[in-house]
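Each remark here refers to the structure printed beneath this line.
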């Protein structure tokens, strides 16, 4: 766009003019785009084209025109090339610093989980780390698209790519969280009965809800980008920005509600695990230590879930305010409430993966929680020993029942 200068137009406001190759080049807008506004508007002023003017206002200010989807205040692309929009759909030019930092940190998470995937052989563990790996790849792709947008901010495909990837990736992370809770119930003996739903039902219900709501969100966001760009360019679109924003908002509302239900189930599980009755009739030191391990594991799930919920609530508030509202056009808020909660949750799981808790459980190990094959000879010996111990216990219980019967 070149560098910018300001002059005062006949509408009474300071107008920004783009300078390209040393030649003043005003953004020409048709009178038909302005005929519903004040007669004092300057048809050559791009700010007047997107913001209504009033001759009674101070000459250095503009009165923005609010809509259901927000107010666009950014620059206009006077000559959109192939694939470009007439506006910057972000509302700002994405920072290459934030995008590069995100690519680097998610790459580290990707490498750590790839190592866990190679190291651990249990089916449940591998599924957990695969979800983190694929989600991290999507985050890397999304922030790489923001790097492209830094160079070409009007490019629609880069915006759509980053939005799709960054919005969808947390769905895989929440699926990993659902799976981690299921592994806890299967892996810890004292975890039996702490859930109000069966582990498989928890996985099926909440993963399905996340997938459906994410599809709705992506469709809504894409329609907003198309409709806002078409509105500025004076073209028609299949939906209005208000309708598209409502679609996006509906998806986020259902997703937040669904995740809130999961958190309720998790909090109930933590409460039940804290009850003395959770230990059952067994009070030996090993069982007490394992139960303490279970409670620590549940707190890790709770903290990471809260971080993902924070990110989801931010998206909800952002959409409720409007696509070009303060929240959606502030990259600082995006970095603090989108990038930071997600990367912190993944760092926690990188430091405390499910295997760090479950492999210490007596007689269960990898095979017990994952339903798959163990990854080392030591695991195989542990499984064999647990089977022998179980058979010995069953034999003792049978002998005790026989003795009790003889006494009677």
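Placed from the backbone N, Cα and C atoms, the Cβ positions cover glycine too.
Please treat TrEMBL annotations as automatic predictions, because they have not gone through curation.
Among the features that TrEMBL reports, compositional bias 'Basic and acidic residues' is placed at 394-408.
What TrEMBL records for 369-408 is region 'Disordered'.
As annotated by TrEMBL, transmembrane segment applies to 87-116 (among others).
Residues or ranges marked as transmembrane segment in TrEMBL: 128-148 (among others).
TrEMBL lists 154-181 (among others) with the feature transmembrane segment.
Annotation source TrEMBL lists transmembrane segment at 201-227 (among others). Remote same-chain partners of the transmembrane segment (201-227), defined as residues 6 or more beyond its termini with a Cβ less than 8 Å from a stretch Cβ, comprise 69, 85, 89, 156, 159-160, 163-164, 167-168, 171, 174-175, 178-179, 181-182, 195, 237-241, 243-252, 254-255, 258-259, 261-262, 265, 315, 323.
Residues annotated as transmembrane segment in TrEMBL: 247-275 (among others).
The annotation transmembrane segment is assigned in TrEMBL to 296-317 (among others).
Beyond its flanks by at least six residues, the transmembrane segment (332-352) meets 98, 102, 105-106, 109, 112-113, 132, 136, 139, 166, 169-170, 173, 176, 300, 303-304, 307-308, 310-311, 314-315, 318, 326 of its own chain at Cβ-Cβ distances under 8 Å. Feature annotation from TrEMBL assigns transmembrane segment to 332-352 (among others).
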Original post:
Which sequence positions outside the transmembrane segment (247-275), separated from its termini by at least 6 residues, show Cβ-Cβ distances below 8 Å to it?
Top reply: 174, 178, 181, 190-191, 193-197, 202, 206, 209-210, 212-217, 219-221, 223-224, 239, 291, 294-295, 298-299, 301-302, 305-306, 308-309, 312-313, 315-316, 319-320, 323
Original post:
Same-chain Cβ contacts of the transmembrane segment (296-317) under 8 Å, 6 or more residues past its ends?
Top reply: 167, 170, 173-174, 177, 180-181, 184, 188, 217, 249, 252-253, 255-256, 259-260, 262-263, 266-267, 269-270, 273, 327, 333, 337-338, 341-342, 344-345, 348-349, 352, 354, 357-358
